Ligand SMILES: Cc1cc2nc3c(=O)[nH]c(=O)nc-3n(C[C@H](O)[C@H](O)[C@H](O)COP(=O)(O)OP(=O)(O)OC[C@H]3O[C@@H](n4cnc5c(N)ncnc54)[C@H](O)[C@@H]3O)c2cc1C
């Protein structure tokens, strides 16, 4: 393969969600030449699906809108100027004779690296769309698969379809904004947590077990939704202003699982130092699983630190086990000066 020494990175992080972004920062602290490759055109990962939500459970951070947390993580990820590649889904991995990994994207580009850190989360998630003919024509107007601006629902009649945490959370958020909230769910029981379900039932009109059967519109705007009772087939028509569909996501790990990585139900298996069964390949975040795995942003940070430290030791067994703490780390001296003088 035609490659130069400068094409080779110490660590290549696949996936730019919270695990990948924090790993990029921490690998900079460990003076590793770092590349992040993200399939989408932006960093943020799954957090991009709930940009308006307030996040409370990241240590030391006041309740913060998720999109602002993404911005902060992105700035932190860029602290040591990693190379960031967008729009490339990594598919294949090979190892050359001199032990350099060659990653190949679906679009045919090659990336050379001494170690790989897989932060691919739930893989290439695709939102589960309404399986109704012609539904896509309303996607640019009043059919939503995520909510990015709550104010557009002010004083509207909003129909929400779904029974999981996300659907119920959106319903509860709408209470402050919408004129009326109707929740349609195909089963009698909601899978969301009890407390938010009870909160929703206190103000929303809940129609279960029903499913959306048809959308009627004028031009590109849905005006009426036909819902069908899933047990007796009875149809009701409801006039609405906005429709939110929250039916979850399909997970697709693409070609990554063809590499020979050991896997359990919830993800790729790693040991307590985030090492996969393939030497030189590590994992962090929702992509992996181990006994006490925490599927939260905070858990992704912890995994990222452990994985980067393992990658560093893989490259240099004489290196310290972990980076020096940031408050006393020479890599920050100049940056600290700039901030203090700032
Ligand atoms: C509705 C909802 C609300 C949540 N709220 C909270 C909360 O309040 N607090 C909290 O701590 N956690 C919350 N979580 C969980 C949190 O979002 C996840 O734990 C976190 O996003 C996992 O981060 P990650 O980096 O491992 O993966 P992800 O965020 O899934 O990022 C993975 C990235 O990898 C990319 N990728 C995948 N495959 C490839 C490939 N082959 N090549 C290149 N790129 C690839 C994807 O495009 C994606 O950008 C919530 C989750 C959901 C579903």
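Glycine is no exception: its Cβ is also placed from the backbone N, Cα and C atoms.
For the FAD site that TrEMBL gives as 50, 90, 286, 327, the extra residue drawn from 38, 42, 97 is 38.
Listed binding-site residues: 38, 50, 286, 327. Those with a CB atom under 6 Å from ligand 1: 38, 50, 286. When each of the binding-site residues 90, 286, 327 is scored by how many other Cβ atoms sit within 10 Å of its Cβ, 327 comes out lowest. Of all the binding-site residues given, namely 38, 50, the one with the smallest number of surrounding CB atoms inside 10 A is 50.
DSSP assigns residue 286 (FAD binding site) to a helix.
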